[in-house]
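**Student:** One structure is given below, represented as structure tokens, and several questions about it will come after.
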């Protein structure tokens, strides 16, 4: 692609004011886009709107600075039709709630005018990060999605050591391990299901978590050869970095490659261009499609530009 061509790149994300620029994948992607002289239009959820059949947003042109004190500067605010953009990066973090779903409808209207949306709005709706794993039964451990407390109790009695988690959260939020004879079983399950009014996911505990909960990144169907093995603190079940876990960079194992290569064609077909797989041992546990992280951790230790791979894809796709 000619260096003279500047794309109009929109990004929809949570407040840039509250990010950690040393670890934030969205910030890393935007830095790469800025380095390539693309024009960045920053948006938050409140900025999106639909007027008749047309998608609009109040955007702010933004300049990024790699400075831990002040890392961004808004240059100009304007209301535009999203059809004026070349690409929109949907990087809004969960919760995956009705507001998130509504935003994908608006983005889909922009997509229908020819704007490239990463990841594809319809697939963001269809591919819940927890439930989507059930489309690949050979890759996952025994998994129950229910809001029925009796079914959860039966599952617990069978395995005697289980993990229960919500379907719409991130970063290890509200994940519980329930061991054999845990006196708190009832109160945990009642709260997780909101007294049988809310679905959750239940899985047997995987002891391989002690070796790390691996985050494997895939760009346009191509697995990154290194992953981040997130290891839980002593006394903690959750290995997520957001929950205090320690991240170690390691090469993909043979099993990791098999899982990633098996999933890649489906992800690519669905327009899921930037994806993070979570793997414990040899089991797939989540398929992160909303705003996958761990780009910075890998790039800081390995001679690879994951953000560069993503921007290469965008430039090639838009300029075909």
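Each residue, glycine too, has its Cβ placed from N, Cα and C.
Remember, predicted model here, so these are calculated numbers, not experimental data.
Summarising the annotation, Swiss-Prot assigns ATP binding site to 156-212. The Mg(2+) binding site annotation in Swiss-Prot covers 286, 288. Here Swiss-Prot flags 130-315 as domain 'ATP-grasp', drawing on sequence analysis.
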**Student:** Roughly how many Å separate the Cα of residue 156 (ATP binding site) from that of residue 286 (Mg(2+) binding site), to the nearest whole number?
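**Tutor:** It is 21 Å, counting Cα to Cα.
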**Student:** Distance between residue 212 (ATP binding site) and residue 286 (Mg(2+) binding site) at the Cα atoms, whole Å?
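**Tutor:** Computed Cα spacing between residue 212 (ATP binding site) and residue 286 (Mg(2+) binding site) is 14 Å.
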**Student:** So what pLDDT does the domain 'ATP-grasp' (130-315) average out to?
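**Tutor:** Computed over the domain 'ATP-grasp' (130-315), the mean pLDDT is 95 on the 0 to 100 scale.
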**Student:** Using C-alpha positions only, work out which of the binding-site residues 172, 188, 196 is nearest to residue 286 (Mg(2+) binding site).
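**Tutor:** Checking each of 172, 188, 196 against residue 286 (Mg(2+) binding site), the shortest Cα distance is to 172.
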**Student:** Long-range same-chain neighbours of residue 180 (ATP binding site), Cβ under 8 Å, sequence gap at least 6?
**Tutor:** 160, 161
**Student:** Which one is it: of the binding-site residues 164, 188, 196, 204, whose Cα lies the shortest distance from the Cα of residue 288 (Mg(2+) binding site)?
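**Tutor:** For residue 288 (Mg(2+) binding site), the spatially nearest of the binding-site residues is 164.
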**Student:** Among 164, 188, all listed as binding-site residues, which has the most CB atoms within 10 Å of its CB?
**Tutor:** 164
**Student:** If H, G and I count as helix, E and B as strand, and all else as coil, what does DSSP give for residue 180 (ATP binding site)?
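**Tutor:** DSSP assigns residue 180 (ATP binding site) to coil.
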